[in-house]
Amino acid sequence: MSMIYITLNIIAYVIDVRSLILDVRRLVFSLILGIVEGLTEFLPISSTGHMILVENILNCMDDSVIAFTVIIQLGAILSITKIFWSQLYGMSMICIKKIFFKQHDDHNHLCIRHIFLGTFPGIMLGMIFYEKIGLIFELTYIMYGLIIGGIFLLVGELCASKEPRVSRINNITYLQAFLIGCFQCLAFWPGFSRAGATIGGGLVVGLDRRISSEFSFFLAVPIIFGSAVLTLYHYRSCIGLMDVLLLIAGSATAFFIALFTVRYFLKIVKNVSLIPFAIYRFLLAGGIYWGLMT
């Protein structure tokens with residue numbers, strides 16, 4: 001009996017060690033994805049493309065991992081909320097005053113209507129094709145998305161050379177907001193980049209780089225938040241306590257990395273064109289092509 005007891009204890013110990021090693025690996029993986037998410041979400045280089053590329057490199061591509069990459073975007077969104085809290089709060093108060101207190105401001109303001117018009121096309125398209133979008137999360141589609149998205153950035157830069165440009169975010173019109181929202185639908189193609197679609201789209205419709213970037217960040221809040229919550233609900237039965245802890249770790253990492261990335265990007269984007277980002281996209285697409293061919 002003592003031998004059986006010792007054997008069972010050894011087996012239990014081995015299982016615990018293996019489980020611990022597996023949990024550590026999952027934690028490291030979640031931190032890596034959080035870093036990648038924070039670095040790429042708000043740059044016009046496709047965060048989804050980078051996340052899927054990392055998942056393929058680490059050989060851990062499955063539906064649950066794809067869901068994880070979507071949900072940890074909540075951390076990146078919280079960074080935008082922190083950076084632009086005063087503007088977001090101001091928009092909300094203007095909306096509340098108009099609806100409940102019938103107060104109208106004669107000055108032009110970026111308001112909830114602009115955000116709604118900028119997100120409405122994406123919401124409608126996402127609701128229609130939600131189940132099918134995941135079918136194109138493959139490296140081949142990402143490669144083409146990177147190339148076409150890079151060309152779109154070059155088109156945006158060509159338009160940016162024309163004057164005059166909208167240089168104050170409060171001067172964005174409803175039509176411009178809606179058109180940028182239509183461009184945002186291009187981001188359903190993995191590799192195209194939501195930031196690339198909206199920033200490039202903003203340049204096409206007459207915004208300067210910084211204002212186009214800021215509006216892109218504002219549009220990210222409802223779109224990414226809605227996508228993450230919908231994905232979380234869809235996979236709710238598959239998420240355990242350990243998964244929740246890993247999501248928190250990945251989201252927290254994405255939050256702090258995105259804080260740095262967004263602030264630095266806003267400092268340089270007014271004087272630095274999007275051409276370097278387009279070149280990077282072409283090089284990354286070439287690397288993916290080389291990897292697929294070897």
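Cβ atoms are placed via backbone N, Cα and C, with glycine included.
These features come from Swiss-Prot:
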{"type": "TRANSMEM", "residues": "2-22", "note": "transmembrane segment"}
{"type": "TRANSMEM", "residues": "27-47", "note": "transmembrane segment"}
{"type": "TRANSMEM", "residues": "65-85", "note": "transmembrane segment"}
{"type": "TRANSMEM", "residues": "110-130", "note": "transmembrane segment"}
{"type": "TRANSMEM", "residues": "135-155", "note": "transmembrane segment"}
{"type": "TRANSMEM", "residues": "172-192", "note": "transmembrane segment"}
{"type": "TRANSMEM", "residues": "215-235", "note": "transmembrane segment"}
{"type": "TRANSMEM", "residues": "239-259", "note": "transmembrane segment"}
{"type": "TRANSMEM", "residues": "272-292", "note": "transmembrane segment"}
Contact yes or no, the transmembrane segment (239-259) and the transmembrane segment (135-155), 3+ Cβ pairs under 8 Å, gap 6+: no
Contact check, the transmembrane segment (215-235) vs the transmembrane segment (65-85), 3+ Cβ pairs under 8 Å, seq sep 6+: yes
Intrachain residues whose Cβ lies under 8 Å of the transmembrane segment (135-155), provided they are six or more past its termini: 44, 46, 48-49, 52-53, 56, 66, 186, 189-193, 196-197, 199-200, 204, 274-275, 277-279, 281-282, 284-285, 288-289, 291-292
